[in-house]
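See structure below.
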């Protein structure tokens, strides 16, 4: 058990409040002597032949340091009967640490005179004294009542302090140190999460851990668990939540707030605005954080981030509220501290126009964050110009111009650069820093400023520019985060405010910061102690009241009217002749009777805060509380050409128009700050408390393990003092014995009443609630029934919630299955109905179509009966290849003929006309031949025969030439496009040429034969030879009248003579053939007329249109519609 025996802090919380260590003296290690020397600790607190000492504070700057009083020199602790003093405690605040059996519990914590705790083993007990052996082998004789029992080894490192068997300060300290050494920095203390700053990276964060806490597969204490509880309670109870993060400077509050925001952004992300919320952190840290003696990234302002959620549980917007920016840090810093980070980032990463060197990583991160929150590039340049102007203002120097110490700024590079950056005239800037206009009634006086006054005016201008710039940035961020915000009334607020501070020299800033922490501590006490216990007593449950340290007395010291710290400070600030010394004297005069106030020498006074005593020095209190900016400086800013200084001036004028309480200090015409800083800050705190009072709070107490910000180092005294200040042990005490979960009878019965297996006779909420408790076998000591509510110990309501969730899940599964069955049944019914409806519709449609078809069929039959003769004749004439199935009626009842049928009829008409022309040509030839025979018969054998034959040949030549000319002209017109015809001109010309060559050959042959005949006739006339004719068959021509009857008169010795009887027979036969041809022609003409009449009756409009378009025959049948 030697590893537990580590040095601990000075005293137990259960000791008397008036006990003080008088000095410090280390306990000598007797192990070097080789023997164990027993040491006796008497009640009187004094050693024989020596003095007792306590340990001084480990860090003089710590707010938890104890006042030490020296009482003699150090001396050896070893004597003949050495006795080591140990204070006795008559306070029984920790009942579970004093009621135990010493004979069974052998391990105890013992506190040494130097304040360290050691784990020892009891060797023997005699009366009121016990002999205890330390791990190093030392043996001590102590008073038995001062021993504190230790927990068994199995409880080492438990994650909830409520699980400790013995709840005492050394056990809590050891448990936190045990977990801290294993990088388990989070520990539960009832409803409070204790977070110890590791000062290094620990593997407790990231997406995998977020997912584990979201699914609740990881139950270890964590900031993620607090944030998850907040968002679940917001959804379940429909109440706004708040996460209040507190702790001293350097305890890790800012990082804890960022971790909580990351978890909320992960769970409520999806809208895109969560990234903007996270990117506000580097901006606010750059402009509002600075390096102090205790913290390299100390927040010099307070902020409340209110994250709003939509109805879909997604982040819809956010709003940031800031409190009390430490403006004085802009112009002065303590030794070893720095101003705000943004100035150093600007000098390391500004553009060459502002600084002249390369960019830096952090400065780039701030610029990227500004881009994400929609601050334009022009505005960013203006912001950096204002920062540079503040830096250059610090370089403005003054020179004395007369014997009265009046000063004016030197016209150097600093002054001109400031004027250029803020966009004002350099002369106006010089006047604003060296002179002051004082208006008295209707007259205005110009007062020259002394050197100190000029420096104060310069610093006031720099502080005002930076403070307005910070407020303007927060306003721009809020505008960006408000995009998409819906008024759902559900939000989670995260409060990150400065921690308790105590330095060697504490000024007005520490005064306000510690007052804010007093108010937050009161909110903590009120919620966890006062309201908790008042509710127990009010509802009539069995409860033993737990005492706690209430800071109400200290709050009254600050807020009491008219004799409180804040009231007296504002009163003194209104007096023109008030000084810091007169303020200190006034406080001592009126507040000396308050137990939390102590007046010291000069300008100092001490306040006993809940976290320890802090001594303040009133130097600068009045000036900082007034925070005056002269009206000339406001006019200077309003006259600037840049928009940011103009906006700053407008903001100052708006604030100056607010109502004022009490008299105002208007010395020198400075009227820009009508309300004092303390009054405004008090109003902000009251508004903050009212807002937090309407939410369900979740507390995170950040602990700083050491004062040197080193990982792995655990200073027990520092940790214990922080635990005492935030009341962690009292919270655990109340949580262990109290009932953290409570619910009204009505709500409990309504929420869990459906879980009852059997119905009860009484239906009132109380009876139903008791029946539920009995059904689930909840032990009586785990709950209490009040007048209006049920109170449960930790973890009991979880059993009912798990059962309710499982039952609801089963009900939902059953309902989903039943709803699915209903939906499928309805779907089948709908399908059957749709099928039946479709069948009815299809049947009705088919019946209507059938009726229409039947009507059309009957109409067609009637038409066919009327034109039966025509149809039969057409079928017979056309060879039965013309189909009339292509006819149909239109909407008007007219019969429509398809284009293909009419085209076929037109082609047949053309063929009939061609045949008719051929018959006419043949008739002409027959008539010519008949005329020839007549002439021959009448003339006989006269000499005029030869002349008639030659004249006929000449007439034939003229006719044939005319026919060939007409045909050639027609084909040329077709070829040129003047005449449209359904034929190929080139092919017809070739055919015409061939026919012409054939006729020419035949004509030449006949001409030769005629010549021969004429020569023979001449010979017969002279020689008496008879005239002989030769019959030549008639040749039928083709188109264009090419075929003609050719005859030739030839004589031959072998030919027979032609008698008159044979000529008469031939002429009769030709007349008969001519009559037959005329009959056929009349029949064809009659058929053509009948067809034409039939077609015109069927479609008169289409037929008349086609008669007017001679080129319609050239169109395809598909392109014509009749």
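Using N, Cα and C of the backbone, Cβ positions are placed for all residues, glycine too.
Annotations in TrEMBL come from automatic prediction, not curation.
What TrEMBL records for 23-90 is region 'Disordered'.
What TrEMBL records for 65-74 is compositional bias 'Polar residues'.
According to TrEMBL, the domain 'Myosin motor' annotation covers 156-805.
What TrEMBL records for 247, 248, 249, 250, 251, 252, 253, 254 is ATP binding site. A C-beta separation below 8 Å, combined with a sequence spacing of at least six in one chain, links residue 254 (ATP binding site) to 281, 285, 289, 297, 299, 496.
Under the heading coiled coil, TrEMBL lists 902-936.
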Point to revise | CB-centroid shell, 8 A cutoff, ATP site 247, 248, 249, 250, 251, 252, 253, 254, site residues removed | key: 197, 295, 499, 702, 704
**Study point:** Cβ neighbour count within 10 Å of residue 247 (ATP binding site)
**Key:** 25
Practice item. For the domain 'Myosin motor' (156-805), would you mind checking the mean pLDDT of the predicted model? Key: 85
Study note, to complete from the structure: All chains considered, the count of other Cβ atoms within 10 Å of the Cβ of residue 248 (ATP binding site) is 27
Check your understanding: What residues, ordered by sequence, lie under 8 A Cβ-to-Cβ from residue 252 (ATP binding site) and sit at least six positions away in the same chain?
Key -> 195, 197, 702, 704
Check your understanding: Counting only residues 6+ apart in the same chain, whose Cβ is under 8 Å from the Cβ of residue 250 (ATP binding site)?
Key -> 197, 294, 295, 298, 499, 704, 709
